[in-house]
Amino acid sequence: MLDLVHKIFDSRNRKIKRKLKDGLEQVNSLETRIRDLSSDELRNKTSEFKERLFKQSASLDEILPEAYACVREASLRTLGMRHFDVQIMGGIVLHWGMISEMHTGEGKTLVATLAAYLNALSEKGVHVVTVNDYLARRDTEWMKQIYRHLGLQVSCITSDMRDPERAHAYKADITYATNNELGFDYLRDNMKFSKGEMVQRDLHYAIVDEVDSILIDEARTPLIISGVTDNASYLYASMNKLAEKLDSTLYIVDEKTRTVSLTEEGQEAIEKLLMAEKFIESGSSLYEPQNLQLVHCLNQSLKAINLFQKNKDYIVQDGQIVLIDEFTGRMMHGRRYSEGLHQALEAKENLKIQNENQTLASITFQNYFRMYGKLSGMTGTAATEREEFSTIYGLEVVQIPSHLPVRRVDHDDEIYASKKEKYEAILALAKECHEKLQPILIGTTSIENSEELSRELKKAKLKHSVLNAKQHAFEAEIIAQAGKPGAITIATNMAGRGTDIQLGGNINFNISANDEAEKEHAKNEEIVRKAGGLYVIGTERHESRRIDNQLRGRSGRQGDPGESKFFLSLDDDLLRVFGTSGIRNMLKKQLSNNGAIKHSYITRSLEKAQKKVESRNYEIRKNLIKFDDVINEQRKVIFSQRNNIMESGDIDLLPIVTEVNAKTLENARSKNFYDISTLIHSMQSIYNEDFKELHKTEDIDGFIDSKTKSIIAEKERAHVEFLLEIKKRIMIAILDQLWKEHLQFLENLRLSINLKAVAQKNPLIEFKHEAFQAFQRLSERWHENIIASFVRVKLVERMHMKVM
């Protein structure tokens, strides 16, 4: 079976390689002819391509060779940079709607210009997605020279922009922006009251840089727009004190699944403590419905204390908990954990506890980016997640060869008995490299570890730079100069991705760049090359091989020399939490005889442990998206209804009246008879009119139909000037409120649904069933509330409504 799969895969690869080779040859064959064009003639090619697209029905595939040749020439004329053949191949893969895996330093920023230009010709907009504002600004400023030379408009969206600026930026042919800004703009647009207030166009085509970081690493973190709910801060403060007192034998901490659960003895002890503190009534059970909020707060407090580390998972800054991205080491300002976990952390750190937030709108990156008509991406490390990209996003990964052979030497891992011995070995290597002026990049997994290692380097009198979440503002500059002779740089995980570490330092960051500076740079580059290039040191294996490969990939760019090595200890999280007992016991025996173990077997064993973790994380993400897809389908319906209302030139309430009346009559029917008292009460509560005449009439259905239509007609005559706008405002406002409540229900449902597995029920099927029923109730309530609000509305002044 596996042989068959490999044959199919190899066959597919051969076909792609053939197509890439053919495409490249076509682009190269046009280079001389395009080079002979004047600047005006080159710019006019854009108009010519559009005419072929719109008037001659040509396809983008047919235009690709000439368009790519034009971009290559424009880049050479404006930036002095000619796209290499491998970059042309990468650009072709992007146009095909695939992921282009290219080694670090291969010029992915330049690759994106090819597919961005070609797809912008369709005049539907192209989004080039980066991981932070700095890269979005940098790439816009850098690449806009190419686009403008070809007559296209380019823009950039950053977090400090207002709506009018955003709307203008989205109208450009090509827009650079972060994944967060794009996602939040989509959510905010779908909370607006008119089309004119919305900023985004339809989602046509996206090129995602560092696609693995955005579509894999951040897939489990939804974008959430929230509002404040009732204050329960006192509960978190109380539960934190209680959790701190609780003996660790009364609960089980599972670091693999990041959960905490009370033992039976723990449940009994908690019940007694809560009764003593008068949080629950004497004789009451911990898991009775009225006590579930207490249980939830306590569980979150136990998680905050046992599973979340200060300076690793978060930092405290200006009296706030600021989350740290576990994959990049960057601070995530404005992000808060949901479900009370953030409040539990605030209680743990004795900070002011903020109110819990209620979700007003949310979406995962998985579902946001799947809305694009075409999606593609670039990264240096996608192959290990090939299956996930294919299964969830329908994206194929194509590995592009490097322009020059990779000369980096990847040494076997070294493993030590303790963290102390590991750091001593790292210091010894750092001194050795520093003496011969070989630059070093040391990757750590947390702020705490980076600062601890920094203290050790200071003791050894080794000058160095530290890049972690606390130095975020200097990220690009620190990383850019990490290739200078003798430089030592400590960086958390993959901070600084997107900025090249050039041997000798990056001259573009030298403000006083001149002939003298260029000579100095050339001299420094030669010194570093002779010393062996950049030496990357990993202080710990990450859960994902991909993150380790990203760190290694900082060295050996574009055929440069370089080295890499990982130093590990038995204290490391990967070995402690995920390593098998067999590996750990074998290592302990070996380490008792030697100072360190260095063998390819160790590297292979650790990679097996990493594969296990990757597989588990993939299953979690795959399972999460199954649940999120249910919510996403409902979100699409709600957002579509909002758009239809905003675009409507006329809204007829009579079909809604008919539906509401039919449902009200059905609810008041008992066997073949109406409960008239119930019916009168229901109709009066909806229509705000007297319906006592129902006692006297025989044609109940006819009377209700006639009277309700008369009420609506009278209200429409009273508000004729602003009638359409009143209807739109009412319908959208009520829909938003009900959707907000529905999201809260779904959040609670998802938290509790796993209990269904205990009763031998499939949690996903149960979730779908209950979510569907709740969505039907939302629709019924929406229609009823529309009518109830419309008949009660009074105009106080122009554009101001008051529901009586």
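Glycine residues also receive a Cβ, built from the backbone N, Cα and C atoms like all the rest.
Feature annotation from Swiss-Prot assigns ATP binding site to Q87, G105, E106, G107, K108, T109, D500; the stated evidence is sequence analysis. Taking the Cβ of Q87 (ATP binding site) as reference, residues of its chain lying under 8 Å away and at least six apart in sequence are, in sequence order, E106, G107, L110, V111, L114, H403.
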I want the residues beyond Q87, G105, E106, G107, K108, T109, D500 whose C-beta is within 8 angstroms of the mean position of the ATP site's C-beta atoms, in chain order.
M102, T104, L110, V111
Using only the Cα atoms of Q87, G105, E106, G107, K108, T109, D500, which the record gives as binding ATP, return the largest interatomic distance in Å, rounded to a whole number.
16
Binding-site residues listed as E106, D500, least Cβ neighbours within 10 Å
D500
If I restrict to non-local contacts, at least six residues apart, and a C-beta distance under 8 angstroms, what lies near K108 (ATP binding site) in its own chain?
G90, S100, M102, D209, M378, T379
What count of other C-beta atoms do you get within 10 angstroms of the C-beta of T109 (ATP binding site), across all chains shown?
18
Going by C-beta under 8 A and a gap of 6 or more residues, the same-chain neighbours of G105 (ATP binding site) are D500, R557, Q558, D560
